[in-house]
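*Asks:* A single structure is presented below for examination.
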Amino acid sequence: MIVGIGTDIVQVSRMTALLGRYGERFPRRILTGDEFKKFSVSKQPAYFLAKRFAAKEAAAKALGTGFGSGLRPCHIGVGHTERGQPFLEWQGRANELVRILGVSRGLLSLADEKEYALAFVTLLAEREGAKPGLSLERALNSLKLSGNGNGVTD
């Protein structure tokens with residue numbers, strides 16, 4: 001069953017401008033530790049960031065929250081299999097949300113063309129009769145009740 005879908009497009013020149021303005025502060029804020037290591041040796045850092053940022057935005061949209069309720073870009077990671085297939089990695093608040101929503105698998109597709117990077121995310125659950133909208137409300141309420149809904153990051 002599909003729990004959520006999300007898509008995002010990022011202009012590479014926007015990432016170039018952010019890198020010029022903030023230097024490493026911007027990638028350190030949005031990337032996971034593993035992603036930052038790869039970013040540090042990337043030959044095309046703006047393209048690297050554009051793809052990662054698009055993937056993180058698309059995943060946040062698929063979760064139904066966007067970036068809010070304590071969910072930050074660094075809670076969503078992007079990795080690749082040995083054959084190059086991209087996949088999502090959940091950390092912190094994102095990990096809590098996918099667990100509460102019953103997400104069993106996240107599918108990620110990435111594309112780029114000249115000045116743009118695009119990401120599409122589909123979140124799947126194995127359980128029958130799941131109600132994603134109700135689950136999202138329950139997830140957000142659960143985070144508030146556990147003291148994690150105040151925007152404090154893990």
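Note that Cβ sites are derived from N, Cα and C of the backbone, with glycine treated the same way.
Okay, so Swiss-Prot annotates it like this:
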- D8, E57: Mg(2+) binding site (BINDING)
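Mind mapping these onto the model and telling me what they sit next to?
*Replies:* Contacts of E57 (Mg(2+) binding site) defined by a Cβ separation under 8 A and a same-chain sequence distance of 6+ are given as G6, D8, V10, G66, F67, P73, A119, in order along the sequence. According to DSSP, E57 (Mg(2+) binding site) is assigned to a helical segment.
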